[in-house]
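> Here's a structure for you.
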Amino acid sequence: MAEPRISSIDGKLAEEFAVPSHVGEVKEKMTAFAVHHATAGRRVVLITSGGTKVPLESRTVRFLDNFSSGRRGASSAEYFIESGYAVIFLHRHRSLYPYTRMFSTMNMLDALKFTSDDGASSNSEVVVNQQVLPNIAKVLKRYQEVKESRLLLPIEFNTLSEYLHLLKAAAQALSTIGSKAMFYLAAAVSDFYIPASEMPEHKIQSSNGPLQLSMNMVPKILSPLVKDWAPQAFVISFKLETDATILLDKARRALETYRHQAVVANVLDSRRGYVMVVTPETQVELILTEEDEKNDVEIEDRIVNNLTSAHNKFITRQGG
Ligand code: 9Z3
């Protein structure tokens with residue numbers, strides 16, 4: 001059998017980004033999850049979600065963060081599960097999470113009440129206040145069913161290093177199921193970092209005057225993912241801009257550079273109601289109308305719908 005290609009990015013990853021101690025164990029878990037679900041006839045999607053943190057000091061007080069609430073990843077996970085997929089949810093610690101996301105703005109104590117007026121007496125129980133949380137039973141039921149059938153495998157990251165190593169491990173784990181695997185790379189990933197060898201150990205002192213930072217470019221992980229780590233998979237990246245006039249061009253350029261299957265392009269301010277799904281042959285606008293918004297339709301429902309049918313066609317073309 002041919003040896004897998006070692007790209008220069010593999011070397012850089014090993015040298016400049018601290019390897020998380022649990023990466024081997026997580027990779028085994030992801031492989032077992034993928035094989036189990038693919039054997040049962042399910043497709044598996046790896047969703048990345050949330051922003052990465054880049055430390056400025058090795059005993060970190062300060063870091064550079066990327067904006068992302070994690071809502072796109074968390075809600076998409078739910079829609080993929082409803083479409084018959086099993087989901088590996090690689091997400092930033094404490095970013096929004098499938099199902100619980102619906103209650104993320106709520107103070108838990110406001111949603112609870114005692115069954116009797118004398119509060120914490122021994123025969124009073126704590127129950128959910130239905131006025132505050134009218135939909136909780138429905139969401140709880142679905143959450144428990146999903147948990148029971150092990151359709152969701154959550155994996156957490158915090159730093160850019162953790163994200164990069166865990167994504168590589170996930171790609172290698174999912175390569176075992178070929179074209180049944182989808183990558184949905186919605187996390188907001190830093191383009192810049194400070195290599196471990198150049199990072200000061202201790203807290204940077206303001207007494208040394210204004211801070212000037214020089215940061216390296218983060219290796220383009222999409223390239224080895226598509227070419228080497230999971231070459232048969234269906235891969236979707238996300239492109240985020242604040243200037244709508246350059247968005248489409250950037251999405252097209254990404255497709256030409258990495259030769260993957262689709263880019264979901266969005267502008268920060270309008271991302272909840274408008275995205276463009278760009279493939280080498282097509283370009284589809286997904287837009288929520290006022291009516292949709294009134295009916296609580298989420299744009300992730302449309303995105304997932306579009307991409308699962310594209311994945312279907314992709315699998316048919318691959319003969320798998
Ligand atoms: C996205 O564009 C996501 O749609 C958002 C979702 C992060 C905007 P929220 O989590 O927002 O629901 O609050 N993700 C990709 C962002 C990214 O970093 N892309 C890079 C780029 O645009 C790599 S392709 O250059």
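Placement of Cβ uses the backbone N, Cα and C atoms for every residue, glycine included.
No curator has checked TrEMBL annotations; they are predicted automatically.
Residues or ranges marked as domain 'DNA/pantothenate metabolism flavoprotein C-terminal' in TrEMBL: 43-96, 173-291.
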> DSSP-wise, what's the residue breakdown of the domain 'DNA/pantothenate metabolism flavoprotein C-terminal' (173-291) into helix, strand and coil?
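Here the numbers are 42 helix, 34 strand, 43 coil.
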> Summarise the domain 'DNA/pantothenate metabolism flavoprotein C-terminal' (43-96) by DSSP state, stating how many residues are helix, strand and coil.
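Its residues fall into 12 helix, 22 strand, 20 coil.
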